[in-house]
Amino acid sequence: MAASTMALSSSSFAGKAVKLSPSSSEITGNGKVTMRKTASKAKPVSSSSPWYGPNRVKYLGPFSGESPSYLTGEFPGDYGWDTAGLSADPETFAKNRELEVIHCRWAMLGALGCVFPELLARNGVKFGEAVWFKGGSQIFSQGGLDYLGNPSLVHAQSILAIWACQVVLMGAVEGYRVAGEPLGEVVDPLYPGGSFDPLGLAEDPEAFAELKVKEIKNGRLAMFSMFGFFVQAIVTGKGPLENLADHLADPVNNNAWAYATNFVPGK
């Protein structure tokens with residue numbers, strides 16, 4: 001079949017020959033043509049939004065200076081700061097945007113997973129080891145790891161089996177996010193909607209644009225939080241809530257500076 005030059009924008013045409021673009025159709029071996037939506041251009045955000053456009057909030061407020069020409073305020077989380085020029089190349093910028101958003105989402109889930117079990121344990125809920133890095137390490141113990149402290153749920157004794165399950169489950173979700181099959185079609189892999197938006201939060205363009213900003217801001221904070229949790233685990237051997245309680249009880253002796261000056265690796 002000749003190369004296609006025009007994408008379909010509607011599913012019904014009368015008396016008009018239309019060629020299908022390669023990105024909008026796939027020809028199977030039995031001659032069937034399967035259709036797939038192409039990403040439509042997002043509706044422009046209102047010029048009154050403080051998070052988008054040339055007059056958006058900048059990283060240093062009124063002292064920010066002029067932003068790079070390629071940072072136009074089109075995307076959420078663009079505060080006009082890129083001293084290393086990481087976003088100068090459009091393809092690299094698009095790739096880094098996707099990586100950041102995905103890592104933000106995992107970091108938010110991870111931060112919640114680190115804090116919530118410890119919070120429950122401090123309020124009398126008993127389900128085994130509550131400190132995030134100690135709980136996972138129980139899989140290497142002789143008795144293995146019981147999810148939520150209940151052997152009737154999941155009794156894990158093999159790190160390889162857990163790894164395989166994670167690959168399958170996470171791979172299935174990522175496959176749907178990117179490709180959309182078999183559960184449906186995906187217009188934008190970064191914001192797939194559909195089954196990923198059961199509450200319909202993205203139906204209003206203005207609200208959706210603001211939610212994107214909130215997501216990226218909270219996600220960046222969560223990534224820094226996870227880094228802090230890792231450092232705390234290495235230095236103090238305690239969970240984040242216990243470290244917070246220690247700091248509030250004695251801020252002079254329990255702070256980052258005090259631990260940094262007294263920390264000896266391996267002890």
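Note that Cβ sites are derived from N, Cα and C of the backbone, with glycine treated the same way.
Swiss-Prot lists Y59 with the feature chlorophyll b 1 binding site. Feature annotation from Swiss-Prot assigns chlorophyll a 1 binding site to W81, S87, E100, R220; the stated evidence is similarity to another entry. According to Swiss-Prot, the chlorophyll a 2 binding site annotation covers H103, on the basis of similarity to another entry. According to Swiss-Prot, the feature chlorophyll b 2 binding site maps to R105, V154, L183, an assignment based on similarity to another entry. Marked as chlorophyll a 3 binding site by Swiss-Prot: Q138, L148, E215. Here Swiss-Prot flags S158, E174 as chlorophyll b 3 binding site. The feature chlorophyll b 4 binding site is assigned by Swiss-Prot to Q166, R177, with similarity to another entry given as support. According to Swiss-Prot, the chlorophyll b 5 binding site annotation covers Q166, F263. Under the heading chlorophyll a 5 binding site, Swiss-Prot lists K214, Q232. Per Swiss-Prot, the feature chlorophyll a 4 binding site maps to N218. Taken from Swiss-Prot, the feature chlorophyll a 6 binding site covers H247, A256. Summarising the annotation, Swiss-Prot assigns N2-acetylarginine to R36. Among the features that Swiss-Prot reports, phosphothreonine is placed at T38. According to Swiss-Prot, the feature region 'Disordered' maps to 21-40. Sequence annotations record features per position, and here Swiss-Prot assigns transmembrane segment to 101-121, 153-173, 221-241 based on sequence analysis.
For the binding-site residues W81, Q138, V154, a Cα-Cα cutoff of 10 angstroms around Y59 (chlorophyll b 1 binding site) retains W81.
Cα separation, R220 (chlorophyll a 1 binding site) to R177 (chlorophyll b 4 binding site), rounded: 21 Å.
Considering only the binding-site residues W81, S87, R105, V154, F263, the residue whose Cα is spatially closest to the Cα of E215 (chlorophyll a 3 binding site) is R105. Sequence-distant contacts of the transmembrane segment (101-121), counting only residues of its own chain at least 6 positions beyond either end whose CB sits under 8 Å from a CB of the stretch, comprise 127, 130-132, 135, 190, 215-216, 218-220, 222-223, 225-226, 229, 239-242.
Taking the Cα atom of each, F263 (chlorophyll b 5 binding site) and Q166 (chlorophyll b 4 binding site) are about 35 angstrom apart. When the alpha carbons of R105 (chlorophyll b 2 binding site) and E174 (chlorophyll b 3 binding site) are compared, the span between them is 12 angstrom. The chlorophyll a 1 site in the record is lined by W81, S87, E100, R220, and its two most distant CA atoms lie 17 Å apart. Across the structure, S158 (chlorophyll b 3 binding site) and E100 (chlorophyll a 1 binding site) are spaced 31 Å apart at their Cα atoms. Here the C-alpha separation of Q138 (chlorophyll a 3 binding site) and N218 (chlorophyll a 4 binding site) works out to 30 Å.
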